[in-house]
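Per TrEMBL, the features are:
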DOMAIN    B:690-909  domain 'Histidine kinase'
TRANSMEM  B:6-27  transmembrane segment
TRANSMEM  B:39-56  transmembrane segment
TRANSMEM  B:115-134  transmembrane segment
TRANSMEM  B:167-184  transmembrane segment
TRANSMEM  B:205-223  transmembrane segment
TRANSMEM  B:251-268  transmembrane segment
TRANSMEM  B:289-308  transmembrane segment
TRANSMEM  B:337-370  transmembrane segment
TRANSMEM  B:391-411  transmembrane segment
TRANSMEM  B:423-444  transmembrane segment
TRANSMEM  B:451-472  transmembrane segment
TRANSMEM  B:510-529  transmembrane segment
Amino acid sequence: MKKILIVDDEPNILLSLEFLMKKEGYEVFIARNGREAIEIVKKELPDALILDIMMPEVDGFEVCEFIKKNNKTAHIKVVFLTAKAKDSDIQKGLSVGADLYLKKPFSTKELVKKVNEIF
Amino acid sequence: MISNWVVILISVGYLILLFLVAYFGEYRAKKGKSLLKNPYIYALSLAVYCTAWTYYGSVGNAAESGLNFLATYIGPTLLAPIWWLIFKKIIRISKVYRITTIADLISTRYGKSVALGRLVAIFCVLGIIPYISIQLKAISSSFQMVSGSNLVSSSDAAISGHIFNDYTLYITIGLAFFTILFGTRNIDATVKQEGMVTAIAFESILKLVAFLVVGFFITFVVFDGFSDIFSHVENDPSLSGLTTLDSNGGYSEWFWLNMLSMMAFMFLPRQFHVSIKENTSEKHLDKAIWLFPLYLLVINIFVIPIAFAGKVMFSGQSEVLSDTFVLAIPILLSQDFLAIFVYLGGFAAGTSMVIVSTIALSIMISNNLIFPYLVSNKQFTRFNKGNFSRFLLNIRRASILLVLLLSYAYYSLISFRFSIVSIGLISFVAVAQFAPAVIGGIFWKEGNKKGAISGLVAGFTIWFLFLVLPTIDQTGFISFLIQNDKLFNFIPLADGQAFGLPMNKIPASLFWSLLINTSLYVFLSLRFMQSSKERNQAEVFVDVFKYSKEFESTMVWKGTAYVQDIEELLTHFVGVRKTKEILKEYEYKYNLSLKKEDRADSKLVNSVERTLAGLIGSSSARLLISTTLKEEEISTKEVLDILKETQQIVIVNKQLKEKSQALEEVTKELFSSNEKLRKMDHTKDEFISTITHEMRTPITSIRAFSEILHDNSDISLGDKQQFLNTIIKETERMDRLISQVLDLEKFNSGKQEFHLEYLKINELILEAIQSVQTLLEQRGIELTTKLEESSEYIYGDNDRLIQVLLNLISNAIKFCDAKAGKIQIVSKQVEGNFVVEVIDNGKGIMKEIQHSIFDVFYQAPDQTRKKPKGSGLGLSICKKIIEYHHGKIWVESNEQHGSKFIFTLPAKLNKSLTEQQSYLNEENFNS
């Protein structure tokens, strides 16, 4: 059973993503901000993250950078799911090592399909 | 007793010091740190007005006739605003024409008349030489007193002791040497004589200090202060009458004496020299206008005390002249050092006057008396080709020597017989004759040469007959002229009825001479036409400020001359090198290049004439130009037309300048408003970018849950309920967001309407708490209040202020932990303002973002860190509302220790009172 960590500061979005991922058969972890996310990554070593960018204190880019730079965690797949839709944002997301960059609002079917594909 | 030789050594030593000071002045100027640029030096140099007359003579005058001496100082003081006005104009005119003396000024104004310049120069020499000679006399007799301890400085002693006579001669020669060295450094008389002026300023300080020291000594050491001296005088019946104005002439005499000193201050050649010729900036007048009168006040403080003290100390010793009290008292008390110091002060007062007067006179003698002959003599000019300036300089040096020797001769033959004051005032009356021609010349365009010459001649004749002849008579030459105290056995001379007026001789002769002088000037000016040349000068003199920088076009000239002629003419006078410099400067100024075969235009001719005027005086320069270059007559009408054109040019230039300034300002404004627009545009972009991001969040949830519900028919009832509930909530959030955006837009565009009324702040707070009561209870948060009672009101919009309070309270609720949360609301009044605080014990706000949480979407699009939840648009709306009510809002917070939101609102007057007032106003309006 693959582990997936969902990071977002909006409880409603967490709720919907949790429902979708559980239904796909992932073991789901939840973090409400960047700091929490990093702690869970260290502890649980999930297989993938669904990561928001705009969060208080530690933002999504920083979380992704941390994961990709650290040997122990570099293999973890990172999917950005964010309302930041500008080309420059996407560029930055890929440059910090993201495996996938998806925009909010999202189609649930497509999200599920794409997340499944990265493995 | 001080030995002769000690005094001589000290005097010589002082002269050497003076040389050093002057040298220092020149040195500073050479280094580019000219002392003449300092307004204080300028004001001090004006104090050359205070001569040995002031130093010794004022005391003498005060001792003889009480307060009358003050007229000499009150004149220039009272009329300071007038001389400021006149000097400002004369300074500007003199710069334009390169005028260096009063003779030059008068001659230039009346068509650069050689005759008029000559006349003024002769009058100056006649009027001033006696004045210089009394300075020599003062120096000599003070020397005699201090070195011989001889309190009785009778005139016979001066003649008999030939060593003293020789001493005066040596001092005269020393002064000549100094004057030649520092007064003729450059043949161009318009070049500032830095060293000389510095030395004069130095002497002004020295004489002031010396006089104050001796005055202080006599008043406070010898006597017991001012009142002690006065009580001595009061107790002595022979001294009564000293404390009032001279009753002989009464107030009209007092008035004329004031006028006299005022005119002397303006027209004495030495005053003209320091105040006009050596002036480096018109702005210096602004300082001098109060500094110089202050100087006069200070130097006169001790005059009366010293005079009275002398009267008391030497009562019964009539052989001690009151003119010498200043020096006699320290000598009587055997205060050797003080006596020497006083002697030096007097020496400084005398020498400064002698030096400046001599330079001024020498310029007049050379420029107005000698040069006109030389330049019109063709053979002479040919003979001295190219070597002119050295020759001219030597003439000026010889003139200096001549003036000083004449003064010495006058001193040793005549002036030792008179008190200092009488001769000084006679000189004053002489220079006062220039008043009509000068003042008329700069303020009245019609004044002409005929009037000026006639007025001057008449005035001087009266001066000579009334004031000079009687003095000559006393020496025994022409005794038949005066019989029975009447001139020609007809005009009464006695004081108190002189010349048919109830005054003394001086004011009476001033009155008559000026009356006739002015009448002739005005009458003949009106009776006869001006020549076109005269008219030209008259226009420029009177309207000098209108021409400003265009003055080279103001001297109208017509004729045929070639650049080559001009070049040759200049080379004669200033040599090849300087000629090239002058022409180059001209080329640069008008941005053209001169060729030898070019016709010289009037601007070039005028420029050269101006240059020459600085060297040889304007009348000589005019004469030279008119004889060397082929000139054509020009009509007055032409002159006036050209001048009008020049004025027009000046006006147009000024307008152009103003216009371009205005344009520049408009450009600046445009630039800044453009900048503002760009900033606004940027803010708008950010706003839109952020608002769309903000809206995507609820839309994301709504879409996700809708799809989930759509795709999963097997979903549990509980989940279904929760998801639908979320969709509803997020829709509401979306709606709230939209209305906030619209709100904000209204505030920004000013379309938001406010319904203002008088409100009680505490009632608003309670109302707001009421509406969140349920929420508080649900979350288990405790809310307390601390509301100060106040009789005053706020004037505001009820709903909007409630909105602010609600926003702050619900933020506080959001930040507080459920159950453990505590909120306190405080209201109080501080200095005319209500202060409301909403305090919570939540997690607080980071320092870095405290100032920005009130900004509209303070996150820039590039920012990726989110601000704390719940502070979306609400706080920026709060800020807008509070600011609309002229209040302030801010937050104080320590992370982890909760936050305190504070806003202020101005407290207003009693509600009923203001209502009553507005009611009353309405009533008034209706009736």
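Every residue, even glycine, has its Cβ placed from backbone N, Cα and C.
Unlike curated entries, TrEMBL annotations are predicted automatically.
Not measured: the values here are computed from a predicted model.
Recorded stretches compared: B:167-184, B:289-308, B:391-411, B:451-472, B:510-529; the one with the most Cβ pairs under 8 Å to the transmembrane segment (B:6-27) is B:167-184. Ranking B:39-56, B:251-268, B:510-529 by CB pairs under 8 A with the transmembrane segment (B:337-370) puts B:39-56 at the top. For the transmembrane segment (B:289-308), the partner stretch with the highest count of Cβ pairs under 8 angstroms, out of B:115-134, B:167-184, B:205-223, B:251-268, B:510-529, is B:205-223. Here the listed stretches are B:39-56, B:167-184, B:205-223, B:251-268, B:451-472, and the one with the most C-beta pairs under 8 angstroms to the transmembrane segment (B:510-529) is B:451-472. Cβ atoms under 8 Å from those of the transmembrane segment (B:391-411) belong to residues 125, 129-130, 132-134, 136-137, 140, 168-169, 172-173, 175-176, 179-180, 183-184, 187, 354, 357-359, 361-363, 365-366, 370-371, 384, 573, 615-616 of the same chain, restricted to positions at least 6 beyond its ends. Taking every recorded stretch in B:39-56, B:251-268, B:451-472 and counting its Cβ pairs under 8 Å to the transmembrane segment (B:205-223), the highest total belongs to B:39-56. Here the transmembrane segment (B:451-472) sits against the transmembrane segment (B:115-134); at least 3 CB pairs are under 8 Å, leaving out pairs fewer than 6 apart in sequence.
When pLDDT is averaged over the domain 'Histidine kinase' (B:690-909), the result is 85. Remote same-chain residues near the transmembrane segment (B:167-184) are listed as 8, 11-12, 15, 18-19, 22, 26, 136, 139-140, 143, 193, 195-196, 199, 351, 354-355, 358-359, 362, 393, 396-397, 400-401, 404-405, 407-408, 411-412 (criterion: CB distance under 8 Å, separation of at least six residues from the stretch ends).
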